[in-house]
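Engineer: Look at TrEMBL and you will find 10-149, 162-295 tagged as domain 'EamA'. Residues or ranges marked as transmembrane segment by TrEMBL: 12-33, 39-60, 80-99, 105-125, 132-150, 162-181, 193-212, 224-244, 251-272, 278-296.
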Amino acid sequence: MKNIQSHVFRGTIYAILAGVFWAFSGIFGQLFFQAYADNAMWITSFRLLVAGIILLVVSYLSKPNAFFDILKDKKNIPELISYAIFGVLMLQLSFYASIQVSSAATATVLQFTSPVFLLLYLVIFKHQKLNLKVVVLVIVAMLGIFLLTTHGNLATMTITPLGLGLGLLSAIAVGTCAIIPKRLLQTYDVLNVTGWGMTIAGLVMNIVHPVWVIDFKLTPKSFLLALGVAVIGTAIAFMFNMSAIKYISPVVASVCSAMEPILASVFSIFLFGMSFDLLTGLSMLAVLISVIMLSLEEGKI
């Protein structure tokens with residue numbers, strides 16, 4: 001029991017840290033888009049390729065003898081490619097595309113419906129019984145995210161059929177990122193699995209929009225912001241997220257990553273002058289309580 005609780009605690013911390021670093025990615029991305037570019041294609045190609053290469057380099061330096069192990073077993077290749085295309089790449093592209101055709105608030109709210117899809121997956125394909133307390137906590141967390149992102153004002157959500165589809169696709173991609181590489185993460189090093197997945201996704205994305213086709217003014221500041229998105233908001237964030245999935249269920253991991261909109265709001269208060277009021281505080285509290293209670297509930301399993 002203590003070992004299980006220790007794993008749950010470790011996984012929860014990793015998932016929360018993933019949310020923390022994703023929040024930094026959002027801030028760096030917002031600063032980058034405001035000052036230099038409004039097209040997400042280049043930054044997506046750049047962040048995936050750079051993050052993938054960084055993770056692979058670290059993986060090689062830490063465990064050089066096991067670096068190619070995942071590629072030696074042919075049955076791993078379809079899973080790895082599926083994780084790269086239908087997990088990492090689909091998540092990045094659909095989320096940014098959803099922002100472009102709708103709004104950041106809409107994209108965020110729709111993406112954080114991912115626990116619903118994960119619960120449906122567990123019930124339909126894994127034949128797990130629904131835990132009522134878990135369902136209630138997931139709903140509370142989603143409500144908190146909705147209020148935090150929209151401030152209760154539905155007018156901030158610009159929903160078009162395309163925006164809705166892309167937003168829900170990003171939510172599904174959060175789930176596929178957690179489900180597809182599960183077996184690989186139990187067998188191989190997290191850095192190695194994530195690094196190969198991101199590198200493959202980055203190479204595919206560079207076919208769509210090569211990193212050398214720069215459609216904005218390249219300055220030291222713009223490059224540092226892009227590097228921040230790639231290193232802090234992608235490489236480190238995904239490393240923690242994939243590490244979390246080794247120890248806790250995808251549902252709990254996805255809810256814990258809701259620290260991202262909380263911290264993004266906190267940063268926005270100081271950096272962009274966003275107001276802080278009772279509704280904002282209560283929304284944050286709802287998400288935090290849900291994260292804590294879900295982690296405690298998982299520790300009982």
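Each Cβ is built from the backbone N, Cα and C atoms, and glycine gets one as well.
The structure displayed is predicted, hence computed values, not measured ones.
Would you situate these features in the structure and describe their surroundings?
Structural biologist: Sequence-distant contacts of the transmembrane segment (12-33) (same chain, at least 6 residues past either end, Cβ-Cβ under 8 Å): 40, 43, 222, 225-226, 228-229, 232-234, 236-238, 240-241, 243-244, 247-248, 252-253, 256-264, 267-268, 271-272, 291, 295, 298.
Away from its own ends, the transmembrane segment (162-181) comes close to residues 79-80, 82-83, 86-88, 90-91, 94-95, 97-98, 101-103, 106-107, 109-114, 116-118, 121, 193, 197, 241-242, 245, 250, 253-254 of its chain (Cβ-Cβ under 8 Å, at least six residues beyond either end).
Residues 41-42, 44-46, 48-56, 58-59, 70-71, 80-81, 83-85, 87-89, 92-93, 181, 184-185, 234-235, 238-239, 242 of the same chain lie 6 or more positions beyond the ends of the transmembrane segment (193-212) yet place their CB under 8 Å from a CB of it.
Listed by sequence, the residues of this chain that lie at least six past the ends of the transmembrane segment (278-296) yet keep a Cβ under 8 A from its Cβ atoms are 8-9, 12, 16, 133-134, 137-138, 140-141, 143-145, 147-148, 151-152, 248, 251-252, 255-256, 258-259, 261-262, 265.
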Engineer: The transmembrane segment (39-60): which same-chain residues, six or more beyond its ends, come within Cβ distance under 8 Å?
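Structural biologist: Beyond its ends, the transmembrane segment (39-60) has Cβ neighbours at 29, 32-33, 67, 88-89, 92-93, 96-97, 99-100, 189, 191-192, 194-203, 205-206, 208-211, 213-216, 226-227, 229-231, 233-235, 238-239.
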Engineer: Quick one: do the transmembrane segment (132-150) and the transmembrane segment (105-125) reach 3+ CB pairs under 8 Å, ignoring pairs fewer than 6 apart in sequence?
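Structural biologist: Yes, the stretches contact each other.
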Engineer: What parts of the chain pack near the transmembrane segment (251-272), using Cβ distances under 8 Å and only residues at least 6 beyond its ends?
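Structural biologist: For the transmembrane segment (251-272), the far contacts come to 8, 11-12, 15-16, 18-20, 22-24, 26-27, 30, 108, 112, 114-115, 118-119, 122, 134, 137-138, 141, 144-145, 148-149, 174-175, 178, 241, 244-245, 280, 284, 287-288, 290-291, 294-295, 298.
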Engineer: By DSSP, what is the split of the domain 'EamA' (10-149) into helix, strand and coil residues?
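Structural biologist: Counting residues per DSSP class in the domain 'EamA' (10-149), I get 119 helix, 0 strand, 21 coil.
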Engineer: For the domain 'EamA' (162-295), how many residues does DSSP put in helix, in strand and in coil?
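Structural biologist: Helix/strand/coil tally for the domain 'EamA' (162-295): 109 helix, 0 strand, 25 coil.
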